[in-house]
Amino acid sequence: MSATYNFCAGPAMLPAEVMQKAQKELLDWNGQGVSVMEVSHRSKEFIALTEQAEADIRELMAIPANYHVLFMHGGGRGQFAAVVNNFLGSKGKALYLVDGSWSSAAVDEAVKLAGTEQIDILNIVNKDNNINSISLPDLSAIDQDYRYVHYCPNETVDGIEIFEELNAPWPIVADMSSNIMSRKIDVSRYGLIYAGAQKNIGPSGLSIVIINDDLLALPQQPQASIMDYRLAVKHDSMYNTPPTFAWYLAAEVFKWLKSNGGVAAMEAINQQKAQLLYAFIDSCDFYESRVANANRSQMNVTFYLKDESLNEQFIRQAKEAGLVALKGHRSVGGMRASIYNAMPIEGVEALVNFMKQFAQRNA
Ligand code: PMP
């Protein structure tokens, strides 16, 4: 069988080496004769795994000592709620920047929990001639004492990424679910970073939270204990039983990243992969990108066939060629190739070849 390349936006493909190692160890982890799924999260072997995972992510992202790394439940949406409940109390206000579907969903949750009086919203997407672009506002001009400003630097559905640094006079909370560890960032610029694991880190069910200790002092609202950052810190992310298998796989992904040159190496190859695909889309009349050059996501490449009546045929033939999960999100249509860290450049080359041939056949 020839290779299958999985372009799913999430749960997304994981590195083949990690999956092979997990397969090998499935029934006998660490010489214990049982699976990692079957041991206590409080056993010394599992604790050693979590300590290594934390050390590795700290090294990979150069996380400063005054930040905690939490391994929590509830994916990205769980954090939409946790951020509000942990930081706003009954009076605090927050600013939400909207640059696409997920930041908009974060607003919905924040408004549901805190009400419109506590949540201010600022749209930062422009749509000109059907092309999306972002203009980051000068936030220092806003005279408000926000507890935090929330934004999503990579919009998974829309294929929009913000590469420019956001400057803000308040702590920045960033939803990096779909671009964490895809390129180097300066963690010290953020109050809190969170990410659902199922794109660049591991399977779903786990989310990573990187939090500046100063934010732990903010007043909170009554909330579910399992989403309480202070309890998570106090209990080393084990207030209740964590998703242990997802945590184990994340730990293996971190090892894989380290042995493949870390985030800097990922950034270089991710640029190359995205460049290859966008350059082809721009060079071929048959396809179009609807995102301005400066904001084209390196992780989620959205594109459209100019003749959209060929969409179904494109998806079907791509699948036959071993290129799966290319259908765009139902809310925006078109196509989406998610090319996270685990996607080898050969997958992108195979996609470009297929797109070229499909265009020739249907010109
Ligand atoms: N934020 C972003 C940027 C996402 O891409 C997603 C999921 N695709 C979410 C939040 C929601 O994550 P979950 O489904 O884990 O709640």
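Cβ atoms here come from the backbone N, Cα and C positions, even for glycine.
Curation plays no part in TrEMBL annotations; they are all automatic predictions.
What TrEMBL annotates here:
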type: DOMAIN; residues: 5-351; note: domain 'Aminotransferase class V'
type: BINDING; residues: Arg42; note: L-glutamate binding site
type: BINDING; residues: Gly76, Arg77, Trp102, Thr156, Asp175, Gln198, Asn240, Thr241; note: pyridoxal 5'-phosphate binding site
type: MOD_RES; residues: Lys199; note: N6-(pyridoxal phosphate)lysine
- Message: Counting across all protein chains present, how many other Cβ atoms fall within 10 Å of the Cβ of Gln198 (pyridoxal 5'-phosphate binding site)?
- Response: 24
- Rounded to a whole number, what is the top Cα to Cα distance in Å among the residues the record ties to pyridoxal 5'-phosphate, namely Gly76, Arg77, Trp102, Thr156, Asp175, Gln198, Asn240, Thr241? 30
- Message: Tell me the Cα distance separating Arg42 (L-glutamate binding site) from Arg77 (pyridoxal 5'-phosphate binding site), rounded to the nearest angstrom.
- Response: 27
- Item | Surrounding CB atoms that lie within 10 Å of the CB of Thr241 (pyridoxal 5'-phosphate binding site), all protein chains | 11
- The sparsest Cβ environment within 10 Å, among the binding-site residues Thr156, Asn240, is found at Asn240
- What is the interatomic distance between the Cα atoms of Asp175 (pyridoxal 5'-phosphate binding site) and Lys199 (N6-(pyridoxal phosphate)lysine), given in whole Å? 13
- Determine the recorded positions, out of Arg42, Asp175, Lys199, lying near ligand 1 in the sense that the CB is under 6 Å from one of its atoms, and give them in sequence order. Asp175
- Message: At a 10 Å cut-off from the C-beta of Trp102 (pyridoxal 5'-phosphate binding site), count the other C-beta atoms across all protein chains.
- Response: 22
